[in-house]
Amino acid sequence: MTNWQGKNVTVAGLGVSGIPAARVLHGLGAVVTVVNDGDDERSRAQAADLEALGITVRLGDGATLPEGTELIVTTPGWQPDKPLFAAAAEAGVPVWGDVELAWRLRGPGSAPWLAVTGTNGKTTTVQMLASILTAAGLRTAAVGNIGVSLLDAVLGEETYDVLAVELSSYQLHWAPSLRAHSATVLNIAPDHLDWHGSMEAYTADKGRIYEGNRVACVYNVADKATEDLVRAADVEEGCRAVGFTLGTPGPSQLGVVEGILVDRAFVEDRQKNAQELAEVADVHPPAPHNIANALAAAALARAFGVPASAVRDGLRAFRPDAHRIAHVADVDGVTYIDDSKATNTHAAEASLAAYGSIVWIAGGLAKGASFDELVAKSAQRLRGVVLIGADRALIREALARHAPEVPVVDLDRTDTGAMPAAVQEARRLAVAGDTVLLAPACASMDMFANYNKRGDAFAEAVRGLGA
């Protein structure tokens, strides 16, 4: 669709991507109708702003396909089994996401995309990648789920040499035309299964990121599912499979040798040679899963032709966002770490693996997850556990099965005041040399607006210990 004038487009959902999409489409000359399930005060205020522009908004009815619709542009949160999409399929109306819209609106000579997805580590990897690209002197931005919106990056006045793009499984589901320069799936673990319907569907949507890649499909050697997705992808001729590993890399891989990040993929005679990129100490923090993120970012940057020195300089300059394995304080010889971003079992497992003797604060909304494997793998590291949140019983039961000797404090409350109580209980269980780790393995919305608020509450409670 290149001529938007007079096209009838329905935007499914208000919010951070729906509203910008509606504005952009209206500006292109489309006849835009926004449909939204909710009809609350916030939705009505958003609707009023759009209606002032001449955009039609229909609140409280997101199920009915507006008459004459030629295209639906959906926000990522709308599940594929929504009645609206069934009606669209029956009527032969295509459905795009905001990523698909941005991809289709790119102009001639637009910046190529280096794309990142995975169950965990997406944001950190994209930010590392942007830091490396910047160190190489390239005009770039971290876009997608973070930083600049994709629509702004594609349509804005600022020009870029290359974009570092974070993509969720939701976004990839609705982006059939996306063709990245190079891409990576960092890891695959059960998450968002309520949205996708099955692990198979979730994995398949992640794998869409490799379709049509031109230069490199970067996979995790330790996660065979990611390599399987590369093998299944239909890519351009000459596109290479490149692995990253925390071990010694083979040919066409990046890895670690004696504390050095090395490249055996983007070098001459990769059967015999390796290029030093950076030291493990250049990665902040140097936890194993974060080193893996750095290797993936380095692989994408190297695929774009970035020199080794820029990888080193970019990693040295990078600092992670708050609530990602963030050091809060040391109190009475105990280290307090905020990893509130660990909202699923895979992320929590990586966080727990980075420390020795741990008092673990966990719980929240489980999103259908099982905790048996997580607890079984982490049991030997646990000094004690403090449970909070709506689904804490699921973790308690897994602890009873796989770590019955570990002391567990079950806080039977879901108000925000539970966090100071949890920190006090963790302090009581911990001894000098231990780490008190907030790695909830669950979503936060039962108690907090988001994981940031949860992490803030933890940090505030910890700082109160030293007062």
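Just so you know, glycine gets a Cβ as well, placed from its N, Cα and C.
Under the heading ATP binding site, Swiss-Prot lists GLY118, THR119, ASN120, GLY121, LYS122, THR123, THR124. Under the DSSP three-state reduction, ASN120 (ATP binding site) is assigned to coil, being neither helix nor strand.
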| request: Compile a sequence-ordered list of residues in the same chain as GLY121 (ATP binding site), six or more apart from it, whose Cβ lies below 8 A from its Cβ; state 'none' when nothing qualifies. | output: LEU186, ASN187, HIS289, ASN290, ALA292, ASN293, ALA296
| request: Within 10 Å of the Cβ of ASN120 (ATP binding site), how many other Cβ atoms can you find? Include all protein chains, please. | output: 26
| note | Same chain, |i - j| six or more, Cβ under 8 Å of LYS122 (ATP binding site); the result in sequence order is VAL116, ASN145, GLU166, LEU167, SER168, LEU186
| task | Would you mind checking how many other C-beta atoms are within 10 angstroms of the C-beta on THR123 (ATP binding site)? | result | 20
| Other than GLY118, THR119, ASN120, GLY121, LYS122, THR123, THR124, which residues of the chain come within 8 Å of the ATP site, judged by Cβ distance to the Cβ centroid of those residues? | VAL116, THR125, LEU186, ASN187, ASN293, ALA347
| Neighbourhood of THR119 (ATP binding site), C-beta criterion under 8 angstroms, separation at least six | LEU186, ASN187, ILE188, ALA189, PRO190, ASP191, LYS206, ASN344, HIS346, ALA347
